[in-house]
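K.L.:
Can you read through this structure? Questions will come right after.
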Amino acid sequence: MPQHQPYSRRELRQRRGDWVRRNVKLLTVFTVGALALFAFITVLFVKAAPSTSFTWWLMGAVQTGLVAGYLHLLHSAFLAFDGEAIWHVRGAWGEDNTRSELQRAKRKRLVWGWVDSVGLQHGDIDHLVVTRRGGLVVIDSKWRNRIHDTAEMARAAQKVRLRAEGLTRDLLKGQSRGSRRAKVNPLEVTSIVVLWGAAQRDVPDGAEVDGIAFIPGRKLVAWLAQLDDQPVERAAANELVRNVEKYRARAEEAKASRAAAGRQ
């Protein structure tokens, strides 16, 4: 099964592809020029420089620098021409960092598992986490250099919590009762905002806006460790994660089908 791509990375890849298609002629000229320069430098080293181990090392270093510079210029040009791309880049950074912290939390036996980028009819859920002792946690990952929109982020997190409650309530209806059912009311979902970037240094401990906790990314594992009021059994957690993954797959297939129909 191919690895799931989070929303921000999928959106970034699509925007990059659209940008390449719009500028294919210019990019072709630029690429041909870069290849010509690469070939010229290579021939210059082979023909003019003495054949020593240092020469071959230096040629490899220069070639690597040329390739890196070419890719960096392409990426910079893409970000310069697409004003919204940088937001998706930051979104991808935030989601990747949160995912790394959740992997740490799982190794520390704080969470059973989680599902990334669950698309809903309106919006999506960055991370739906099934903890061991704290019920369900919905995480909205943000990358910010400055914090100036806390109220807006809190409102968005509240909406995500309500959507997650509805989703988990529907999914848990089909789960077995008794020992396999989660020992947690599916309507009770904790929603938090995890901040990355320079802004996380300015978030005080216990920061909340309209009942939504704001957690610095580097303190996410510690925050998960203090949850201890809603235990979830392993079997119920695994079943819920599988059901959410199936729901996500169906939603993505339906979205792809609608997009394909729209292009016809």
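In case you wondered, yes, glycine gets a Cβ from its N, Cα and C as well.
Those TrEMBL annotations? Automatic predictions, nothing curated.
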K.L.:
Examine the ranges 125-152, 181-208, 237-264 and name the one recorded by TrEMBL as coiled coil.
P.N.:
237-264
K.L.:
By DSSP, what is the split of the domain 'NERD' (90-152) into helix, strand and coil residues?
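P.N.:
Residue counts in helix, strand and coil order: 21 helix, 26 strand, 16 coil.
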